[in-house]
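Worksheet for the structure shown next.
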């Protein structure tokens, strides 16, 4: 591609991590093990939910979506990173860079929306257990799940198209883990002030909105938990809430990227690794191991509200 006498770059060089050359194999094996555990663990969750008819409930339906997102967001970044550990060339084509940036933000935004939806589902299950089955029907679940994917797609299309409207004539070398907005803004050969401002507002609004909705949902949940008479029931439910509230951490990388547009600080690499490599593995622990406690909490809430309904005078 040419513009006057200037030729657009055909590829980018990604220096994903700064490490001594002798550690390349060790890092490759460490990240390979994490990636294999992430893929196999999330695949097992999806297969288990599909095979076991007793798990055909909204809670597990959304968990399947989360597992699929975790697999794909890791697969969009980690395989290329693993190859870079073994090869001297850290090159990625221009088209590959566009696809990687779109995939990361598409999956990341969708996951952020899904965290919010799962918090709302848990709110309904704990705070309105007697109406939960009539509210969260299969049709509603499918509609809400489709909405998260659609909104993620639209957000990513907007950010990707707005990013690559800028010219890239060189340099093509960036100290970043993968093709992302901060790295691309550093390489753009034009004034990117408008891009920074628009993307700052877009990502900031997304992260803040999801963060506040999650907090609001869990605020109502905690208030409902206080009505549970059983000490064991309160303990189990608070334990589940504490584990699930860790999802708020997932809004932090979005906010961090939002506040560091155009920078290439070492901490950026740490945040990128946490979000793309560590987070998908942590979800296996946070959501899967606490689903038993979820069911116990919901049963306790149903018993409590059923008792309250039976004590209400009939008109």
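Along the chain as shown, the residues are counted starting at 1.
Positions of Cβ are set from backbone N, Cα and C atoms, glycine also.
The transmembrane segment annotation in TrEMBL covers 27-51 (among others).
Feature annotation from TrEMBL assigns domain 'G-protein coupled receptors family 1 profile' to 41-251.
As annotated by TrEMBL, transmembrane segment applies to 58-78 (among others).
Among the features that TrEMBL reports, transmembrane segment is placed at 98-120 (among others). Within the same chain, residues 62-63, 65-66, 69-70, 72-73, 76-77, 80, 92, 144-145, 147-149, 151-153, 155-157, 159-160, 163-164, 178-181, 184, 206-207, 210, 213-214, 217-218, 244, 247, 250-251, 254, 275-276 sit at least 6 positions outside the transmembrane segment (98-120) and bring their C-beta atoms closer than 8 Å to a C-beta of that stretch.
Beyond its flanks by at least six residues, the transmembrane segment (140-158) meets 58, 61-62, 65, 102-103, 105-111, 113-114, 117, 202, 206 of its own chain at Cβ-Cβ distances under 8 Å. According to TrEMBL, the feature transmembrane segment maps to 140-158 (among others).
Taken from TrEMBL, the feature transmembrane segment covers 203-228 (among others).
Under the heading transmembrane segment, TrEMBL lists 240-263 (among others).
What TrEMBL records for 269-289 (among others) is transmembrane segment.
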